[in-house]
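According to TrEMBL, the protein has these features:
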ACT_SITE  B:45  active site, proton acceptor
ACT_SITE  B:56  active site, proton acceptor
């Protein structure tokens with residue numbers, strides 16, 4: 001349990017709830033209730049039923065043969081891309097909408113970058129007939145038009161965030177403002193393992209289904225529930241935390257988190273938070289973030305909207321600082337090439353986010369024969385425009 | 001005795017004005033302070049800008065962005081504030097978010113405040129538990145008051161705790177809302193203000209958020225020791241002659 005949250009809401013030096021007083025009652029209500037609600041057998045039953053019948057879980061753990069041949073190891077892809085709505089995000093939104101209902105909330109808000117979390121939120125709101133407002137950066141609205149249309153079809157109101165870089169960070173600010181102005185009836189479904197305690201822990205718990213299944217599937221397929229390596233991409237870090245969760249205490253399993261280097265870590269257009277950032281407070285928790293010496297948040301860049309975030313969740317900051325996790329980065333170009341490679345080798349078009357994790361396989365030194373799990377966090381349909389432009393398809 | 005305590009002992013209906021440092025121009029910080037004192041402000045709250053001000057509305061966010069784009073930093077602000085106490089004698093607080101303070105260094109920040117004659121701070125996203133554990137000793141060593149915010153949703157027990165932790169005043173939000181909303185004193189707000197008044201707190205109270213004219217100011221003063229004006233003032237000085245704008249704005253609150 002040494003990497004889990006403590007009773008004060010911290011992971012080592014990171015975490016906490018740095019929020020204005022206006023948000024205190026909402027966050028406190030959640031803090032006091034989330035573990036109790038999640039542990040309730042009725043909640044568990046409904047949550048797992050929906051994951052099975054609605055999301056389509058368990059998602060397959062697929063031994064990718066041609067990938068494996070290429071690297072001389074066993075590459076397993078955890079197929080979160082096959083979930084309903086096309087990514088791991090729905091694991092969390094199913095959990096949080098059920099929790100919001102138990103808290104008696106009538107209105108749901110969320111932020112979104114690539115639109116995956118927005119779609120996953122709008123989907124569960126349609127499913128449970130709750131009002132839904134999604135904040136999305138103006139830039140992201142433009143580059144993720146199909147997801148905007150999906151959200152609208154699902155009945156959500158999509159509100160553009162027009163401040164700052166007009167991307168995920170700004171959408172998060174706007175969602176927090178909405179919550180401040182609607183403190184009683186509204187639940188804020190944060191999409192990643194960021195935000196004030198208890199969000200990072202709560203989202204990690206809902207996403208931990210990824211590693212819970214992986215362990216069982218590995219045991220069945222290899223006779224050993226511990227792989228040598230686990231890889232996942234990190235923006236805020238929710239798919240990575242879900243993928244790492246049940247392996248964190250297995251110290252011989254190497255955890256590799258892949259950040260977005262953008263146009264290169266030194267280019268000024270990057271989102272490689274652990275490389276470029278230092279400790280500070282962003283969106284309600286103490287973590288590592290990209291900032292100026294004056295403590296102003298730096299605008300990140302990544303070709304992948306889902307990784308275009310200037311911070312990482314506090315639990316990731318803890319894994320990084322303690323050395324439990326290895327944090328590396330992959331450029332825009334490397335990720336797009338890896339996306340094409342995956343498509344050609346395995347017939348799977350990955351989201352550009354997930355392609356960052358795949359791209360790092362090219363850089364690893366293997367002895368041969370290791371078991372390697374990569375979280376294929378989402379499918380690439382939403383990224384076709386970017387692939388088309390880059391490869392002149 | 002510190003300036004804040006003395007002011008509340010001597011005066012009623014206290015008018016506190018917030019403005020963003022470095023707005024509309026980087027060099028305006030001291031000029032605004034002096035003009036506000038001259039035209040009757042009782043307390044100044046000087047905002048040090050932050051890139052992601054989640055507790056603020058569009059007006060203060062825009063002023064923060066403009067100020068940052070023009071080159072304002074906490075370091076530069078402290079340079080400017082070396083001139084503060086040449087002419088300004090009223091209490092001055094710094095208001096801003098915790099991350100710039102962390103990067104500046106908490107100890108260094110408190111020292112710098114004391115050096116230039118700042119009397120206290122308002123850091124909306126610095127939680128009470130963290131303040132108590134990591135900041136309080138440093139603040140008290142440098143005689144800095146830390147002002148906490150409370151809202152209609154803040155429980156009585158928590159208000160008592162805040163009252164015990166602070167030694168300046170308590171900042172009453174008129175509603176759970178980001179800055180720049182209007183004060184509408186309906187039955188529930190009235191009940192809230194009356195409830196706080198009836199708690200007989202050791203610290204004075206100031207009503208903030210939503211005060212924009214004499215009428216709302218007077219209303220606020222009937223429930224608290226005074227009121228804070230931010231958004232309306234920042235709007236009023238956005239363009240035109242600074243001194244004239246300030247003087248005209250302040251006239252609205254005088255009898």
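Yeah, the Cβs are placed from backbone N, Cα and C, and that goes for glycine too.
Here residue B:56 (active site, proton acceptor) is positioned 14 angstrom away from residue B:45 (active site, proton acceptor), judged by their C-alpha atoms. Around residue B:56 (active site, proton acceptor), taking its Cβ as the centre, 28 other Cβ atoms fall within 10 Å, counting all chains. DSSP assigns residue B:45 (active site, proton acceptor) to a strand segment in the three-state reduction. Residue B:45 (active site, proton acceptor) has a Cβ environment of 26 other Cβ atoms inside 10 Å.
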